[in-house]
Amino acid sequence: MAPSSSPEPVVDESHESSDSEVEQTELQSRAPKRRRLSESSTDSYVAPAPLPTLSRIKKKGADEENKPATSDKDEPVLIKDALEIGLNDAQNSFASLNVAPWLIGSLTTMAVRKPTAIQKACIPEILNGRDCIGGSRTGSGKTIAFSVPMLQKWAEDPFGIFGLVLTPTRELALQIYEQIKAISAPQSMKPLLITGGTDMRPQAVALAQRPHVVIATPGRLADHINTSGSDTIRGLKRVRMVVLDEADRLLAPGHGSMLPDVETCLSALPPSSERQTLLFTATLTPEVRALKSMPRPSTKPPIFVTEISTENNASIPPTLKQTYLKVPMTHREAFLHVLLSTEANASKPAIIFCNHTKTADLLERMLRRLSHRVTSLHSLLPQSERNANLARFRASAARLLVATDVASRGLDIPSVELVVNFDVPRNPDDYVHRVGRTARAGRKGESVTLVGQRDVSLVLAIEERVGRQMEEWSEEGVSVEGRVVRTGVLKEVGEAKREAAGEIEEGRDVLGRKRNKLKKVR
């Protein structure tokens, strides 16, 4: 967490110039207070089953927090220093990036007053008409980096369809849509959201009316291009600016690739020589980097490429504490229940990631029976439920969100303090995106990965990828294994799991209501 600052006026009295005042800002660094738990605990350590140990030397000791010394006497701020401070502050503003005043005012109402590093690097270049590849870690403000110059250019020549934003998931598309809608509030700008899970006919009608900016997932937009007729998609031929957000996912080859749908979408747009193309990602993959060396018209300037603390070279935020918890394969759910119920974690908003939709569905139902405030997000839920569940979690109506990797990219939920990997991700890059849901924008966060007998090699691969070792999870006065064995948790969790499985088999929703046409999770 960044040191808090509290402005205090300081009067500079001198013989040469009396009655002159300047304000000085004193940065006071306070060591964060830790919640003190009981000094003694009745928990005892009893291992239910022999567990493997990671084949490496564990790090010893905990990170020490040093409180910086503060001066007893404030030094006065000289006039020349005050002018320099003011000059530096002016340089660290959206105005210095040539952002239009109406956009600055709109950002201010959203409490966005100073640009981040990726915004300072990209906004001027995009306003100058350059194609851009922007790499920056999650939570660094990439959406504003492309939406602000897009809206500013649209305001200079407002027509539809001016801009197209492609993004891999429905939830991320909805988030971008809401953010663009908020930023453009002072203008009569019409954005349109095109995603799967909803009726195509209203979307086709809205698309034919030529909205100013379209935010879409590639699959659904490709469906419109292939089936909705030329009148519907004619406006796409006028697009001036296209954005590929989470470009590494959109351009990734292999099974389940979105690349064919992306190519279909781009084929309906003007040629690259007649439009501006922006790619943003948290991971600059070889597929993304290769675009820099592609042939370009001599009339177009070189592609602007910036890589600022991407998840290639600085994958894990320094404010994120990475831990692992060894669990027996047969009691993974019981360990999760105890972990979420400890004194330190009982009130933390958390996301629990699973590898499969079936696991996520079962976990949500089980945790609900164990009195947790929980909701879920996975690909087989109807879109209306996905939106409603995400809204419940954002509004803190649910403390826990059980999700698959559909929630691992781009979603900005600042309140998340804990990420739990119920299943260890098979791909280390997926781990990076998962834990990136917490410790965003300088906040503190923690990730806990449940490690079974077969997961040790996956954990070691993750550690090699991120360049840091996980610490073994611990909490003062708490033995998770002891609580699982001694407090009857195994029986309680086992019953809840059986009831949840029976509910799924009967075709009931998470509230126990019978559904005749409930889509069975596979």
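Backbone N, Cα and C atoms are what each Cβ position is placed from, and that goes for glycine too.
Annotated features, as they stand in Swiss-Prot:
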BINDING   SER136, ARG137, THR138, GLY139, SER140, GLY141, LYS142, THR143  ATP binding site
COMPBIAS  60-75  compositional bias 'Basic and acidic residues'
DOMAIN    123-302  domain 'Helicase ATP-binding'
DOMAIN    319-481  domain 'Helicase C-terminal'
REGION    1-75  region 'Disordered'
MOTIF     92-120  motif 'Q motif'
MOTIF     245-248  motif 'DEAD box'
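Feature map: annotations from Swiss-Prot on the structure.
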| residue | record | contacts (Cβ under 8 Å, 6+ apart) |
| --- | --- | --- |
| GLY139 | ATP binding site | PRO317, ASP412, GLY436, ARG440, ALA441 |
| GLY141 | ATP binding site | VAL112, PRO115, THR116, ILE118, GLN119 |
| LYS142 | ATP binding site | ILE118, GLY134, SER136, ASP245, PHE280, ALA282 |
| THR143 | ATP binding site | GLN175, ILE176, GLN179, ASP245 |
Just counting, how many other CB atoms are there within 10 A of the CB of SER140 (ATP binding site)?
23
Pop the mean pLDDT for the domain 'Helicase C-terminal' (319-481) in here, whole number is fine.
93
DSSP three-state assignment for THR138 (ATP binding site):
coil
Around SER136 (ATP binding site), how many other C-beta atoms are within 10 angstroms of its C-beta?
26
Within 10 Å of each Cβ, count the other Cβ atoms and name the one among the binding-site residues ARG137, THR138 with the highest count.
THR138
ATP site, defined by SER136, ARG137, THR138, GLY139, SER140, GLY141, LYS142, THR143: further same-chain residues with Cβ within 8 Å of the Cβ centre:
THR116, ILE118, ALA145, ALA282
